[in-house]
């Protein structure tokens, strides 16, 4: 009886040992899936050696191993599909947020221009998305991410041919398209209120099809000559330029393109008097500006955190007690740095402008807010939250300084787009070279050299700062070399600026068939017949009224008598 019990004990011990070995084997395989995103495989021969070492029951052992491996592979396939589904959904949701920024741009632009040009600027925002969609589909995405390619430009996936690939799906295309049209939308603000519609169509298509994609290839494609994800150790200054979400790729491209468009066109009529002094041509709706700013703020949570492209990725090995920490944590940190930079810039602008001009201006605060966002976009994923406050503080003064310089040079940008996106975007690149941390750079850009440079002020040397300075120079040079001649050629062909009479009357009336709404902010002596036909008259009654009612009065809701002051 004792020998039977002892034999049962031995068999049970062997079985439990085998189960433990199999569990450990499968656990290690599953862990490799979550840490490396690879697809682990289960080998029946590996399990057979764990189940038994005798030849007597080899057939049963092989069958058991085959069954267990089959079950494990099914689970593995489900986990892999779930991982792709979660990451794709995350990227799609981020793309929707970035696309919603177009609504923010539209509201911001509409509120920043005079009422007589509202329909025109709204139509250009729609055009940016529509024309950009076709041009980026046909050419832009291929030039940006058509891998394999050289360091300058992509050469595959024209019209999404042979797409998707194991490394990129349709959600990635949609996300990158939303970025491309954002760059085009920035430019439209600089040349608002005086540009022919055909010029909008041409520059928007050219920018999204060629100019912007080449820049994004340089810094975001693994094949790009300055990309921080370039394979091997062939990195610019041992680091590559870190422009995580596009302070340079998106904001500088759009801002500098707008700079050249506005410079070649010249200022709007009445923007500067004969002595060269600045004359404010205020937008007609601060409410729309605030609404647009909040929509852009909301969309920036897809712009910056969404640039991780995936969320289901662990940074540790799970053995250090930090299984709670992964890319999802970096996504949250990026949203925090984005918020802090924008908030700091808004408050700095509020008090800075109060000291300079003596009043609180909501338009300036909104522009300062957006300037902080544009600056932090480069380093949002690789800096500490406290550094984001520094970024926003400096960005506000960069914007104020560039606006002062623009006035001195008689440069007219209705939305301050060149100063905001170009100037603050350039500062954001330099900021990243100063404050990027070693830990975060290693996490976000894993797989690179162990001694990769990081922020100069954080002890990482000057390699990253040098790469950032190179990006500022090459982006400015590339956009100047491409968009400058385009605007110059359009101007020579008389396709850029509208005529003086049309500009004075307003683009809505002369080019779009009527005003956006019944509103008036122009001198009534200008084309009075148009004003009487399309605009409601604002009535300021005096103390006396008449009670006489006529048929005409009935049709006009008992208009006051001739003793009322009627202003058109």
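Glycine too: its Cβ is placed from the backbone N, Cα and C atoms.
Residues or ranges marked as transmembrane segment in TrEMBL: 90-113 (among others).
In the predicted model, the domain 'Ammonium transporter AmtB-like' (90-517) shows an average pLDDT of 93. The domain 'Ammonium transporter AmtB-like' annotation in TrEMBL covers 90-517.
Positions annotated as transmembrane segment by TrEMBL: 134-153 (among others). Tertiary neighbourhood of the transmembrane segment (134-153): same-chain residues 159-160, 168, 172-173, 176-177, 180-181, 204-206, 208-210, 212-214, 216-218, 220-225, selected by CB-CB distance under 8 Å and a gap of 6+ residues from either end.
Feature annotation from TrEMBL assigns transmembrane segment to 173-192 (among others).
Residues 124, 127-128, 131-132, 134-136, 138-145, 149, 151-154, 176, 179-181, 183-184, 187-188, 191, 226-228, 240-241, 243, 248-250, 253-254, 257, 261, 471, 474-475, 478-479, 482-483, 486-487, 490, 495-496 of the same chain, all 6+ positions outside the transmembrane segment (199-220), place their C-beta atoms under 8 angstroms from a C-beta of that stretch. Residues annotated as transmembrane segment in TrEMBL: 199-220 (among others).
Summarising the annotation, TrEMBL assigns transmembrane segment to 240-264 (among others). Beyond the ends of the transmembrane segment (240-264), by six or more residues, the same chain brings 179, 182-191, 195, 203, 207, 211-212, 215-216, 219-220, 226-230, 303-304, 306-307, 374-382, 411-413, 417-426, 428-429, 432-433, 436, 441, 444-445, 448, 464, 467-468, 470-472, 475-476, 479-480, 483-484, 487-488, 491, 496 to within a C-beta distance below 8 angstroms of the stretch.
Here TrEMBL flags 285-303 (among others) as transmembrane segment.
Note on the transmembrane segment (386-406): residues 336-338, 340-346, 348-349, 352-353, 356, 367-368, 371-372, 374-376, 379-380, 412-413, 416, 418-420, 423-424, 427-428, 431, 435 of its chain, located 6 or more positions outside it, place their CB under 8 angstroms from a CB of the stretch. The feature transmembrane segment is assigned by TrEMBL to 386-406 (among others).
Residues 186, 190, 241-244, 247-248, 250-252, 254-256, 258-259, 262, 367, 370-372, 374-379, 382-384, 387, 390-391, 394-395, 398-399, 401-403, 406, 411, 454-458, 460, 464-469, 471-472, 476 of the same chain, all 6+ positions outside the transmembrane segment (418-436), place their C-beta atoms under 8 angstroms from a C-beta of that stretch. Residues or ranges marked as transmembrane segment in TrEMBL: 418-436 (among others).
Taken from TrEMBL, the feature transmembrane segment applies to 456-488 (among others).
According to TrEMBL, the region 'Disordered' annotation covers 545-568.
The compositional bias 'Polar residues' annotation in TrEMBL covers 559-568.
Nonlocal intrachain contacts for the transmembrane segment (173-192), taken as residues 6+ away from its ends with a CB within less than 8 angstroms of a stretch CB, comprise 91-92, 94-95, 98-99, 101-102, 105, 108-109, 112-113, 117, 120-121, 124-125, 128-129, 132-133, 136-137, 140-141, 144-145, 160, 163, 199-200, 203-204, 207-208, 212-213, 216, 246, 249-251, 253-255, 257-259, 261-262, 265, 303, 306, 309, 413-415, 417-418, 421.
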